[in-house]
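In TrEMBL this protein carries:
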DOMAIN    1-92  domain 'SPX'
TRANSMEM  200-218  transmembrane segment
TRANSMEM  230-253  transmembrane segment
TRANSMEM  265-282  transmembrane segment
TRANSMEM  288-307  transmembrane segment
TRANSMEM  319-341  transmembrane segment
TRANSMEM  361-379  transmembrane segment
REGION    419-440  region 'Disordered'
COMPBIAS  419-436  compositional bias 'Acidic residues'
TRANSMEM  461-487  transmembrane segment
TRANSMEM  493-512  transmembrane segment
TRANSMEM  524-544  transmembrane segment
TRANSMEM  550-573  transmembrane segment
TRANSMEM  618-642  transmembrane segment
Amino acid sequence: MLDHQIEKIALFMLEQQGLLSSRLQKLREWHDALQDEPDISQISKLREAYRSVGQDLLKLLLFIDMNAIGIRKILKKFDKRFGYRFTNYYVKTRADHPYSQLQQVFKHVGLGAVVGAISRNLHELQYNEGSYLSIYDHPVVPLQDPVVDSIKNAVDRLTNSTNFLNFMAQHALIMQDEDLLIPQDEQADQEEGRYHFMSLMLNLGNTFLYMVNTYIIVPTADDYSMSLGAAATVCGVVIGAMAVAQLFSSVYFSAWSNKSYFKPLIFSSIVLFFGNLLYALAYDFNSLALLLIGRLFCGFGSARAVNRRYISDCVPLKIRMQASAGFVSASALGMACGPALAGLLQTDFKIKSLTFNQDTLPGWVMAVAWLLYLVWLAISFREPVREPEEIHTSQESNSADQDGSMEKGLKKPLLLASEETEHDEEDDGDGSEESSEDSRKPANSIVAAYKLLTPSVKVQLLIYFMLKYAMEILLSESSVVTTYYFGWSMSSVSIFLFCLGLTVLPVNLVVGSYISNMFEDRQILLASEIMVCVGILLSFHVVIPYTVPQYVISGFIMFVSAEVLEGVNLSLLSRVMSSRLSRGTYNGGLLSTEAGTIARVIADGTITLAGFLGQSMLLNVTLLPSLIICVGSIVATCFTYNSLY
């Protein structure tokens with residue numbers, strides 16, 4: 001029966017391709033006639049006719065995508081009911097056959113020629129009137145046409161192409177709406193009103209500065225704590241205070257971004273300015289409380305939810321992937337520059353009653369940086385144009401009416417019966433498709449968002465929690481551990497952390513461009529978890545004297561593996577998370593941010609609590625929870641292996 005249904009899909013695709021090809025052939029004849037007798041009005045009509053064919057091609061691509069999803073769900077149901085990996089047998093025997101109809105569906109054979117014909121002719125009509133050159137002569141110059149952009153995005157989604165930019169964009173977990181069928185002129189007008197290059201740069205600047213602000217104090221936090229009369233391990237509380245505040249700031253910034261982007265960024269900059277000011281003044285006031293309040297203020301200024309939301313909502317689809325990759329790159333660069341900048345601030349002087357030394361200078365430098373950023377923001381940021389909710393709802397309704405007949409036609413033949421059991425399919429742990437009337441509505445509370453998480457998504461959030469916990473333990477206690485065991489100076493700690501931060505982009509480049517093309521994401525996921533576990537095990541101080549090579553090598557294994565794991569995990573998460581979590585206050589980005597932030601809070605608290613047992617016990621006591629959580633995530637991954645892809 002499944003073979004028969006796939007045959008019907010393949011034949012329907014061929015039939016539709018033939019109709020599109022026939023229309024393109026007639027348009028070509030019209031095009032040739034206009035070359036002999038040019039007529040501006042006729043050229044404009046011809047261009048719209050090509051765009052109309054492009055819209056129908058887009059609908060056909062969506063038809064293929066819907067049926068590919070249906071095939072995957074049906075095979076998954078077979079696996080579950082039989083307790084046997086039927087999918088492997090079916091795909092191997094059908095896809096490798098010389099007369100494969102399954103390949104027709106999953107590889108969308110033949111559509112490339114149709115896409116090429118539409119792109120080439122639109123390019124000629126738009127740019128090369130009277131010229132014999134085509135897109136093949138200028139392959140580096142893309143055609144700026146909304147229809148072609150939408151077709152390209154639909155094809156990319158079908159092929160699930162993997163490259164560095166795509167991998168980095170998914171690393172950011174910036175959820176995207178499936179808005180491929182929005183009228184192209186309307187979509188272009190919306191993007192024109194929303195997008196502003198300098199505003200995007202300011203958004204990425206906020207991301208960079210916040211990450212610098214987070215990690216600039218790590219090399220000196222223990223020394224600062226001791227200078228105020230506290231134990232060195234109180235550095236865990238000092239570093240973690242920022243994460244505690246971020247738990248709350250992520251929610252209200254996410255809600256605020258529903259109404260504005262400019263005001264939250266202004267508020268963030270002001271709060272961070274005062275937070276760093278208090279952090280720097282705590283030394284002269286000899287007040288640990290003031291130090292912690294300053295760090296809490298910095299956490300309350302975390303606008304990462306706004307940064308993600310701005311890219312998701314205001315950046316045009318055709319450059320959204322680059323912007324998302326820029327978000328990850330800005331974060332990685334800030335993570336590396338923070339400790340490096342701390343290593344450069346090796347001075348000690350006073351101006352009147354204010355002290356400037358290695359402990360206070362990170363606060364003073366960041367306060368000045370946020371002040372300058374605030375001025376730049378006030379001058380250059382442009383608030384995106386927002387449409388009233390009523391208009392948006394009306395447009396959705398009209399669009400649904402116009403495309404109603406098309407939707408009925410597209411859902412034949414395979415998904416006809418599949419829709420009846422959609423709810424049953426969702427219970428299997430795959431939350432990537434929803435068919436209810438409310439499937440487009442965003443979650444309205446954290447509880448509602450949690451209910452939308454399938455078991456596989458929960459496992460991936462557990463993995464995210466684990467890797468953030470392990471990374472925070474490694475980074476936050478580095479100055480205490482290296483000073484106790486090796487007598488490292490603050491400069492040595494800064495160099496070590498700087499080198500760790502520099503690995504982020506090269507590792508993502510290798511994984512995104514090469515490894516992800518050689519192995520499945522779930523295989524890389526499991527291998528990365530195991531390597532994180534290996535790094536944790538090698539970090540323990542057991543019997544032999546603890547050496548610098550052991551600490552550095554195990555630290556790099558743990559950190560690099562965690563970076564690979566984070567990218568692959570968020571890549572998978574962005575694909576299987578419910579579409580209802582791509583919008584609203586309680587979105588997928590917020591959930592992942594909260595999971596990572598909670599992990600950091602617990603890790604920093606663990607460092608401080610372990611300090612009561614003495615610095616000799618600190619390393620092993622803090623690594624033990626990391627090991628337990630890591631082993632637990634590996635076990636959970638193995639149990640949900642079939643649901644993770």
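Cβ coordinates are placed from backbone N, Cα and C, and glycine is handled just like the others.
Note on the domain 'SPX' (1-92): its mean pLDDT in the predicted model is 81. Counting Cβ pairs under 8 Å to the transmembrane segment (288-307), the top-ranked stretch among 200-218, 361-379, 461-487, 618-642 is 200-218. In this chain, the transmembrane segment (200-218) lies close to the transmembrane segment (265-282): three or more C-beta pairs between them fall below 8 angstroms, excluding pairs fewer than 6 positions apart. Tallying C-beta pairs under 8 angstroms between the transmembrane segment (230-253) and each of 361-379, 461-487, 493-512, 550-573, 618-642 places 461-487 first. According to DSSP, the secondary structure content of the domain 'SPX' (1-92) in residues is 85 helix, 0 strand, 7 coil. The stretches the transmembrane segment (493-512) and the transmembrane segment (265-282) do not meet in space: the count of Cβ pairs below 8 angstroms, excluding pairs fewer than 6 apart in sequence, stays at fewer than three. Below 8 A, the CB atoms of the transmembrane segment (461-487) and the transmembrane segment (265-282) form no more than two pairs separated by six or more positions in the chain, fewer than 3 in all. Counted over residue pairs separated by six or more positions, the transmembrane segment (524-544) shares at least 3 Cβ pairs under 8 angstroms with the transmembrane segment (550-573), which defines the two as touching. Beyond its flanks by at least six residues, the transmembrane segment (550-573) meets 167-168, 170-173, 457, 460-461, 463-464, 467, 470-471, 474, 478, 481-482, 485-486, 496, 500, 503-504, 507-508, 511-512, 515-516, 521-522, 524-525, 528-529, 531-532, 534-536, 538-539, 588, 592, 644-645 of its own chain at Cβ-Cβ distances under 8 Å.
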